[in-house]
Amino acid sequence: MTSLYGRHAEKTTDMPKPSAPKVHVQRSVSRDTIAIHFSASGEEEEEEEEEFREYFEEGLDDQSIVTGLEAKEDLYLEPQVGHDPAGPAASPVLADGLSVSQAPAILPVSKNTVKLLESPVPAAQVLSTVPLAVSPGSSSSGPLASSPSVSSLSEQKTSSSSPLSSPSKSPILSSSASTSTLSSAKPFMSLVKSLSTEVEPKESPHPARHRHLMKTLVKSLSTDTSRQESDTVSYKPPDSKLNLHLFKQFTQPRNTGGDSKTAPSSPLTSPSDTRSFFKVPEMEAKIEDTKRRLSEVIYEPFQLLSKIIGEESGSHRPKALSSSASELSNLSSLNGHLESNNNYSIKEEECDSEGDGYGSDSNIPRSDHPKSTGEPTREIELKSSQGSSLKDLGLKTSSLVLEKCSLSALVSKEDEEFCELYTEDFDLETEGESKVDKLSDIPLKPEVLAEDGVVLDSEDEVDSAVQHPELPVKTLGFFIMCVYVYLILPLPHYVSGLFLGIGLGFMTAVCVIWFFTPPSAHKYHKLHKNLRHWNTRSLDIKEPEILKGWMNEIYNYDPETYHATLTHSVFVRLEGGTLRLSKPNKNISRRASYNEPKPEVTYISQKIYDLSDSKIYLVPKTLARKRIWNKKYPICIELGQQDDFMSKAQTDKETSEEKPPAEGSEDPKKPPRPQEGTRSSQRDQILYLFGRTGREKEEWFRRFILASKLKSEIKKSSGVSGGKPGLLPAHSRHNSPSGHLTHSRSSSKGSVEEIMSQPKQKELAGSVRQKMLLDYSVYMGRCVPQESRSPQRSPLQSAESSPTAGKKLPEVPPSEEEEQEAWVNALLGRIFWDFLGEKYWSDLVSKKIQMKLSKIKLPYFMNELTLTELDMGVAVPKILQAFKPYVDHQGLWIDLEMSYNGSFLMTLETKMNLTKLGKEPLVEALKVGEIGKEGCRPRAFCLADSDEESSSAGSSEEDDAPEPSGGDKQLLPGAEGYVGGHRTSKIMRFVDKITKSKYFQKATETEFIKKKIEEVSNTPLLLTVEVQECRGTLAVNIPPPPTDRVWYGFRKPPHVELKARPKLGEREVTLVHVTDWIEKKLEQEFQKVFVMPNMDDVYITIMHSAMDPRSTSCLLKDPPVEAADQP
């Protein structure tokens, strides 16, 4: 192939960027001719137009031409050149004005002509017409097919002569890839003439002229399109029609190596076509750009529909769509009426690099929507953004291909029926669609869960059993076989009559029963059967065979002389009925604390006792209900006969050495053991053991009682065949010969059968009590959700807590979790409304707090703490989340996520009485504190059976250092006393030593010092404490029966925001170190009471404990020795 200008390729690199092209369409009054003004964007293009001006004039008829501005539109082109994967032969060479998206159109020759005039506008003005339909088998760019009615002029010379219509070529528009061998001006005259068309009569008004002109264009387009599919050779269409062919534009993605705007598809049907080709000069580029400008000018009033179709056709821009589709859609709308012929259709074909093509069907009903037949994989990304807009429009077409579209359907559409969509709209629609899909999936979840086999609770199981009874398949089969044999076999008449009578009688009986039986009778039997099976299902709770832990022991207990420093630490192991007490070489802390380290001790001795027939009770005898589980009062164990047991223990010791507990090392206790055994053989041996926390004390007491009844229950069960174990204060248990304590709840069998098989008790109340205790695990099994779930349901449980749960599994929204506890928070909030607002309750709380404050031990020169101000805030604690309850050997556990933001505020006041300095501290201590043997404690016994507050739970009387002799206790603010050999703390001894010196006494006698001491003594010390926030996991525990306590404490130290503002008189102390120290100490005191293993307790009136006088087995009705025999 040749070109007119050989150095065109070199010029293109130096050419300036084309300016924004403009279009001016002029039409004569006679409407026979149309004048379109265009020019190149540079000087070279103007010279080129002057060169061909003479050919324009020759081709014009004598018809008059009237210049009229028809339309104008600015378009800013964005030329983009991609990488050419095909090689250098297809490298992109762009000329000025060449950044267009269409190829030259094949237009028929018409009798009328159109005159092209030079426009004075310097901007590039390009003519655009409806382009040619893409060849189905060609790639997206390549040489353009020419016909006798198509011509073009070229400005580029190239050595390449072979056509580039092969599908393997890169889809890039180059100057050499779209040229022909024609270099004369005659073909260009045919192109100019083909722009002419026959129009309707001139008398039609201006809007009508638009519609008639477009109608003719649409008709000629549809007719010629159908012919073009069957005829691949050049032809001369009728002069009365303007034959237009559609072709695909903007379908190439920008990553295919070509410009999405400048890469038209080749219309060649075969690379072996020998017809003449034409070159692509800059003039052709201007013409192509002008064609597109004209199409956009025409469809501007209907730009919304064009954007929708263009986006559907695979463009990356909302406005980018093929000129053929956009022009035709707007032309159809301009017609203003429905086309009666449904044969008119438009076809927009997609031709990818593999040459995939789509056919068209001209017989499409107007009501049918286009359907997609395929979708290339390279446009998957576009599909997601286009799918939502297509669904909203009711179109089910491919994101790349508008395969079939009825012309009449497009014409019937009004412009208000279409909405303006942009790229961001598609994203929003996609999100909205996903939400709709999620909402549509919600009703399906219950069905899916039901099909997957949800584990139903007892009521659901009963309903399912009633609604879905099992079919008696075998019975029905046998009955059908009998009927078949009866009808087939030649039976005698009397046999047939017998069978017939039996059958009729059976059916009559069934009908009578069905009519006269109440409808709920069958359902009742089903419910009874299911409930019976449900009741016998018990919890699988296994108690540890060995209960071990630290306790405090005292040899002799006297409430009037007792002090915590008189106790020593022991490690206790309870295995069956055997109790082992291991004494360490040094004491550990007398009270448990959160996250305490493992003590490093060595055991120096060990005592072994048999608790069989022992008497277990609490001392003092008359403990107030609120002090039953106070750790300051011990558990008393009056041991039974120990002679046989100790001889057996010695034999076991000789055969196998006794290992020390896990917390210690090997203990050298073998030599003194015979002496200890002799001592323990005495019947009057009594042990006093203190729990380190109140909750541990209750647990130890319950287990001691069970161990004391272990052997007696074995004897009873072995002596009486089928006999039942005696009453236990907790739950039923069966014993093993080894003496290990085994819980009956560990068996999967229920206790209902055992109750039915037991002989009747003499006392009805006792049997009722027995049955209640036996059914404890069964009763709790109905109250606590089952641990086991079906495999289909188990992932759902983990979805609430695990972030890695599968997305397809239904998840509980956070709002639902909050709603589950909303009713509890609302109920508590309403109940405590008056509690927060009424003065009666604030005074009651103030009194309770004051009773606690009065028991705090302060230095002897300080007055008592008083509560001067209390503000309980405006809110009560809220439950943020309630975890699933569970039951273990310690009872029922419920974990609650709590939060408090109520601004609880209280102000404490005290004074320092410096006049007491230098006086005998023992005398002052006798008035306030509890000191030990030397001092008499007349109130100690009185406090035991009263509801008056005892010493603070956070008091330091039990907080001494882990020394062998129980050394000096740690000093805490406001907690001074005599401990560890009845010695005061080091600081107090140092202060006493200074104040008793003669120099200090002389100094205090001076008037100035006396005056200052009086001023300081009269100055109040104020401390305002505000609890702003408290948040943590609160554990609520209810021990197994019999108990009347509910224990609560935080699993770990909660997040507490305390603000302490100390004042010295009217002056507020603002030292950061002082306030931080006070806040830290307050948090430590809070942990000593409310952080596990320390738990606070409240007693519930409706619950009964072993010490409850209302109980049939109350231990307080009789003296302690006899009370131990009662369960």
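Yeah, the Cβs are placed from backbone N, Cα and C, and that goes for glycine too.
In Swiss-Prot, the feature phosphoserine is assigned, of S162, S166, S270, to S270; the remaining candidates carry no such note in the record. From S149, S295, S333, the position flagged in Swiss-Prot as phosphoserine is S295. When the ranges 1-27, 568-594 are checked against Swiss-Prot, the one recorded as region 'Disordered' is 1-27. Checked against Swiss-Prot, the residues S159, S315, S738 yield a single entry marked phosphoserine: S738. Outside the transmembrane segment (497-517), and at least 6 residues removed from its termini, the chain residues within Cβ reach (under 8 Å) are 482, 486, 491. Sequence-distant neighbours of the transmembrane segment (475-495) (same chain, 6+ residues past either end, Cβ-Cβ under 8 Å): none. The Cβ of S295 (phosphoserine) has 27 neighbouring Cβ atoms from other residues within 10 Å, across all protein chains displayed.
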